[in-house]
Amino acid sequence: MALAGTLVAGPLAGGAQAAPTDTPNLALGSKGAAVKQLQQRLKQLKYDPGTADGRFGGTTRAAVWAFQKVNGLDTTSTGKVGKKTWKALDDPKLPPVITAKSRRERNRVEINIKRQLVVVYKAGKIALISHTSTGSGRYEDGAVSTTPRGYFRVERKIKGVRHAPLGTLYNPIYFYRGYALHGSPNVPLYPDSHGCARLPFGTDMKLFNLVPIGWQVRVK
């Protein structure tokens, strides 16, 4: 599998795989073998479309969004998959690295605010790529909702539901004070949080199980 473009981030975990051969237009609500093929390919590339069951639901849409953002493709509210996306699946780019080489650790989480992406590296290889929604930049509840930038560490984790003053967090992974990566029922295509990095349901649990306390977190 060739890796086109200049966004070189490092190797994917696992070997190269063949891309899908059936390329119809798909979107939220689609069903069938082509959807399953799409889901399987996304999994091979370390995205999280959920169970490869041939049903194009919200989790698959979020994975498509993440893939399209990494590959410089337009995104739509329905997660439309057309010719350009199928072509990119055959020759995908890797997400850009945002951690300075001098500070780069083999086990880390990167929160890319510009692209609204979360990328997890384990032993130097990509283990998970996810769509996210970070701080909205709006003034609300007495403060501007921004996501802190810098180098941090996973400080604590809470499995399950955490009811916080600014909302409900699912499986939060805290990296700075009250800021966390966490699951949410609302992870839109634009920055919308009070400052945390929201993740789709299902992906939040994958991240929770993958990332231990002490791992590096880079936000930029």
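A Cβ is built for glycine as well, from the same backbone N, Cα and C atoms used for every other residue.
All TrEMBL annotations are machine predictions without curation.
Computed from a predicted structure; not experimentally measured.
According to TrEMBL, the protein carries these features:
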| type | residues | note |
| --- | --- | --- |
| ACT_SITE | His182 | active site, proton donor/acceptor |
| ACT_SITE | Cys196 | active site, nucleophile |
| DOMAIN | 107-220 | domain 'L,D-TPase catalytic' |
| SIGNAL | 1-18 | signal peptide |
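When the alpha carbons of His182 (active site, proton donor/acceptor) and the residue listed as 'active site, nucleophile' are compared, the span between them is 7 angstrom. The residue listed as 'active site, nucleophile' has a Cβ environment of 27 other Cβ atoms inside 10 Å. Residue counts for the domain 'L,D-TPase catalytic' (107-220) under DSSP (helix as H, G, I; strand as E, B; rest coil) come to 8 helix, 57 strand, 49 coil. Mean pLDDT of the predicted structure over the domain 'L,D-TPase catalytic' (107-220): 97. Counting Cβ atoms from all protein chains shown, the residue listed as 'active site, proton donor/acceptor' has 26 others lying within 10 Å of its own Cβ.
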